[in-house]
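What follows is a short report on a single structure.
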Amino acid sequence: MSAPGASGARQLWRRLRTQRSALVAAVVVALLVLVALGAPLLTAIEGQDPTTYHPSLVDSARGGVPIGSFGGVSAEHWLGVEPQTGRDLFARLVHGARVSLGVALAATVVQLVLGVVIGVAAGLGNRWVDLVLTRIADIFVAMPLMVVALALLAIVPTSFPRPVLVALVVGLVSGWGTLAKMVRAQTLTLKELDYVAAARLSGWGTVRIARRELLPGLATPVITFAAILVPTNITVEAALSFLGVGVKPPTPSWGQMLTSADVWYQAAPQYLLLPAGALFVTVLALTVLGDGVRTALDPRAASRLSVGTGRKQEAKGEVS
Amino acid sequence: MTGFGGFILRRAVGALVTLFALSVIIYVVFYVTPGNVAQITCGPRCSPAQVQQVAGQLHLDDPLYARYWHFLQGLFVGQDYSTGTSVQHCSAPCLGLSYQSDQQVTELILAKLPVTASLALGAMVLWLVIGVGTGVLSVWRRGRLTERLLTTLTLAGMSTPVFVIGLVLMIVVCGQLELLPFPQYVAFTDDPEQWAWNLLLPWLSLALIESATYARLTRASMLETLAEDHVRTFRAYGVGERGIIWRHALRGAVAPLIAVNANNIGVLFGGAVLTETLFGLPGIGQEMVEAVKVVDLPVVVGMVLVTGFFVVLANAVADVLYAVADRRVVLT
């Protein structure tokens, strides 16, 4: 159990640094975050924006194929333009990073808050509170994510801000059930420890005990779980947008770009390869970083350099 | 209650309660969520009077509890539906009628199930072979180049969304190399050979992605077992590496493999939404996407429940198998 606060973070970083692959992944993730944060700046340097149509750059006689070699790559359009609309691909790709990472992180925050609050409440509450909360968590573990998310997203009116909605739905429907059950188990163990008993005897309230004595002890499993949730959420957002119920046009999203990519693969292969590659690199970097964090936090895992055993794997979302 | 029978009974009751609660939650959420269902069902050209009539016909203005009661009635004793001109009887278990086609939701799901089952079961065989094979091989060759290569490939598999690998496979195999025609579902009962050829790419896409999880799981469990004391004892008795890996280490991986596999199959039976959409397979997942687009509530609710049912069932079966495969598990 690592200590909370700055010293814990420093210790995590020190252990992470010794793993070369995790270090590379951390750098890639940092770059991606920078690209996402600086998307408006990057597109300003290029002199384009993600939503302006350039009908003059596509050949309407041939169904909207980009004019010029390599799908319309030029000094003005660094990665070419989108078929049919002529929108700038570089701008859409970097703004897509913003949507992808933003939605995934927001969904993760929702999952973590729900999982920790419900898990701790179940662990500290009386028998009935525990029973009801555990049952609710069970229901959400059995909730078929793609199907329920698909249905919810289709029904809510489109006037609701779409990226926020996607993050909320993904966060509320998936991930937190397993976390809540894990946190509950951990809370039950921690509750019996001497320092928590001492706090209770000195008259501390339940909320104060939970905040000051339990949360630090929960940091390790929660961070480990969050590291699995982020890449899964990225994939889920891309999948929902791919199906046309996630982020709606004109907001760019990697999954959405892939929807019509198969039609254009001969004329503009980068229209397929760019969003697919971006997705792959992002999820890969986050997965490797997550493995690294897990190894750094779990000394047992470090000793055999392996990751993920047993039913923990179920935490990974089923996106089929 | 004690013993194995009591354990199975408790799991079954737990599964039923979970499923019932799932149905209440889904019903409440879907029927409370704003959205003009009557207008969408009737079509964009309907007059307000026609929309009103549709809303009445579909009981859209009834209070929530009345509609849920109606739904439960259909589920347990069947229900008569008036479709304007005639009365259709929908016998239990009845999940209602589609707003769009007036077809019974249960019939609709049953008609789509063979496609989804073909996809799920075929892919399962492949991902178990590829996944467990990769896991065993990487343990067998641990510490060598083969292991590093396989671990890297596995990570790549875990990081690729199924629709990306499916798209790439389809473009390369069907578009560029023209080795296979673009998949088009043929029923097994019509032509088993064509059935298999057309499902090959969907199977491969799903299996390549899923097998990564199994490879990691197999490898991790086997390494864990290999580190245990009793394995050292076997080694001391002169049991060869082959025997240790296949007979002892792999056994430790069986129980977790069953658990994860049951969960995956449960989810897939409820529709591999992405794979079916990408390859145009007319299964439960694709039907779901279609129903969602036109807000066909009975179909949507029915499919969510059926999927939830498969997941709960699969998990309950997994718990039982888990206990059978691993005697150390305490039955609670």
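Each residue, glycine too, has its Cβ placed from N, Cα and C.
Taken straight from TrEMBL:
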type     : residues  : note
TRANSMEM : B:12-32   : transmembrane segment
DOMAIN   : B:113-322 : domain 'ABC transmembrane type-1'
TRANSMEM : B:119-140 : transmembrane segment
TRANSMEM : B:152-175 : transmembrane segment
TRANSMEM : B:195-215 : transmembrane segment
TRANSMEM : B:254-279 : transmembrane segment
TRANSMEM : B:299-325 : transmembrane segment
Cβ under 8 Å to the transmembrane segment (B:12-32), counting only same-chain residues 6 or more beyond its ends: which ones?
64, 67-68, 71, 297, 300-301, 304-305, 308-309, 312-313, 315-316
How about the transmembrane segment (B:152-175) with the transmembrane segment (B:254-279) - do they touch, taking at least 3 C-beta pairs under 8 Å (6 or more apart in sequence) as contact?
yes
Which of B:119-140, B:254-279, B:299-325 has the most Cβ pairs closer than 8 Å to the transmembrane segment (B:195-215)?
B:119-140
